[in-house]
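Here is the structure we will look at.
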Amino acid sequence: IHDCVMLFFSYFGSHIDYMERGNDTQSSEFLLLGFSEEPEFQPFLFGLFLSMYLVTVLGNLLIILAVNSDSHLHTPMYFFLANLSFVDICFTSTTVPKMLWNIQTQSKVITYAGCITQIYFFTLFVGLDNFLLTVMAYDRFVAICHPLHYTVTMNPQFCGLLVLVSWITSVLHSLLQTLMVLRLSFCTGMEIPHFFCELNQMIHLAYSDTFLNDMVVYFATVLLVGGPLAGILYSYSKIVLCICRISSAQGKYKAFSTCASHLSVVSLFYCTGLGVYLSSAATLSSHSSATASVMYTVVTPMLNPFIYSLRNKDIKEAL
């Protein structure tokens, strides 16, 4: 009886301790270190990121308004472009406003709930960017390699289904990653050497076992990033072969110009994203990783409207 009583109290005590640690995590706060702790650099950082954020929002809103207002742009290519612009606005709004607020209030604090929210929406919109770029590559593949079947294949119902599947997949993936983070335990007051709550940073800050989280992140990256990237490379390999078979130089230029803007955006998105993780792994510096992350989290969404508008006569006329 004594052993049973001691076993009961041992289990009860460990359960209470686990609940207390869980409550500590739920009520904890984190510190976003950002880029620089020097006070004289804060006004410059605030002005720089505020201007980039406003340009991003305004530029992508103009793309959406141009596509919706001009009937000549009611085609699958511009339908996907409008969706990409909307996602880019949401993507940037997940991280930059909180950073601007922290700079303005001279505070680095972000709550546990705020961190989880950032992780969920950041993962969601990164996934959507990834899938929409893949869908746009498939659209260009059908338009160039199978032009006679384009209107039948890329009908409005099918285009809407592609966007819907992209949203559903991204929501489920983001929900899975967020739930995996919720099972981890964190100490209060931990420092995040970044300007937002990035998934890998949060996982490596936990003091509980993160093996399962690492495996989920690894397999999700292989499937949901490697798969779409392979699809984009396959589509463009077929596009290049089709363009090479065109006899006239003018026909080659016209075919290539229809996918040049998308190819530029794809290169910018994947090269900057890959460069972030390669540079962070090579330098082992969290601050350099945070600086490099600006390229695909802020700069790429800001440049997308310029790339599509400057190289596209239909967009310029609509604007």
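Cβ coordinates come from backbone N, Cα and C, glycine included.
Positions annotated as transmembrane segment by TrEMBL: 44-66, 78-97, 109-138, 158-176, 215-234, 255-278, 290-310. What TrEMBL lists as domain 'G-protein coupled receptors family 1 profile' is 59-308.
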Beyond the flanks of the transmembrane segment (109-138) by 6 or more, those residues with Cβ under 8 Å of it: 25-32, 77, 80-81, 83-84, 87-88, 90-91, 94-95, 98, 102, 162-163, 165-167, 169-171, 173-175, 177-178, 181-182, 186, 192, 196-199, 202, 224-225, 228-229, 231-232, 235-236, 262, 265-266, 269
Contact set, same chain, for the transmembrane segment (255-278): CB under 8 Å, 6 or more residues outside the stretch: 77, 129, 133, 136-137, 140, 143-144, 229, 232, 236, 239, 242-243, 246, 289, 292-293, 295-296, 299-300, 303-304, 307-308, 311-312
For the transmembrane segment (78-97): best-contacting stretch of 158-176, 215-234, 290-310, by Cβ pairs under 8 Å: 290-310
Long-range environment of the transmembrane segment (290-310) - Cβ separation under 8 angstroms, sequence gap at least 6: 33-35, 49, 52-53, 55-56, 59-60, 62-63, 81, 84-85, 88-89, 91-92, 95-96, 193-196, 198, 261, 264-265, 268-269, 272-273, 275-276, 279-280, 316, 319
Cβ-Cβ under 8 Å with the transmembrane segment (158-176): same-chain residues at least 6 beyond its ends: 76, 79-80, 83, 120-121, 123-125, 127-128, 131-132, 135, 138, 216, 220, 224
